[in-house]
Amino acid sequence: MFISEIQLKNYRNYEKLELSFEDKVNVIIGENAQGKTNLMEAIYVLAMAKSHRTSNDRELIRWDEEFGQIKGKLQKRNSSLSLELNISKKGKKAKLNQLEQQKLSQYIGVMNVVMFAPEDLNLVKGSPQVRRRFLDMELGQIAPIYLYELSQYQKVLTQRNHLLKKMQGNSKNEETMLDVFTLQLIEHGAKILQKRFEFLHLLQEWAAPIHRGISRGLEELEIVYKPSVDVSESMDLSKIKEVYYESFQSVKQREIFRGTTLIGPHRDDLQFFVNSKNVQVFGSQGQQRTTALSLKLAEIELIYSEVKEYPILLLDDVLSELDDYRQSHLLNTIQGKVQTFVTTTSVDGIEHETLKDAKTIHVTNGTVDCEIDRA
């Protein structure tokens, strides 16, 4: 699949923009704070209905405006689709072929993207929240039911935490309601956990050989899910629910005392092992970056295996963060098969066949000054 054009209105520092793209490689060049990352973000938001940079949708709307809009045309193997996302203070509304979608979960996954930005290099050594977000965003693209379960879980979690804070003063009158929320949380949480196990099993199958190739056969990558309760991938759904129920009973008084939910998918984490050593603790910066690169390349192949089309790859100022060897490995892997967007302050120092026929877009202060095709 590839995006052939995009239109922005009141998005970040863009008042109005219409732009067409090549189906292979597009290089967006500009100094820092001129709008190249905003353009890249707009493509991501059009696909995912949320930003990878902020959870505050108001930041996506141009200063002093009431709404922002992103439109795009997506070309898939057997269809051409128009996508539209309208952002206001009241929330987001999505349209597919001019038809408004009742739920964003019906819209997300139509256009698949993989974002690789400098902050993704922190996937290994960053906080558990970074890794959970990675799971949620990537899994949500290929399993719409996961997004539904996740949104329901988060709603119940908010209600349950509010009740737990209320119960810190007097717990006796609210225990029945707490039990109701707990059962709802278990219902959605168990399904989330099961989907994460399935996804990571597939990701492992793709990431391990990719990592082996980048490390020239010297390193073996293993991805390990670290749940907040004693469950395993081999358990069926009913067993996972049973373990959750027992675990919630055991931490009930502690949760009331602390006023928050202490277990569940929102407390889980991922660990990465290279040659049986925890990369987060014992890995070199090179090993951590190889692991992050392996995961991103695995995402591309995993999405292709599930939807039978390659996703759109967004490389936001990340090539300069990779050494020549990893840079070449990345570009060799995607060459000719993945529509790719690259942002950079300069193409100097990036010598690769992939970029020779790229469309070059120069961005200055929220305007596209010129577009040329590199010879």
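Even glycines carry a Cβ here, placed using N, Cα and C.
What Swiss-Prot lists as ATP binding site is Gly30, Glu31, Asn32, Ala33, Gln34, Gly35, Lys36, Thr37. There are 20 other CB atoms within 10 A of the CB of Gln34 (ATP binding site), with all protein chains counted.
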Note: in the chain of Lys36 (ATP binding site), residues six or more apart in sequence with C-beta under 8 angstroms of its C-beta are Ile28, Ile29, Gly30, Thr343, Val363
Note on ATP: the CB centroid of Gly30, Glu31, Asn32, Ala33, Gln34, Gly35, Lys36, Thr37 has further same-chain residues inside 8 Å, namely Asn38, Thr343, Thr345, Val363
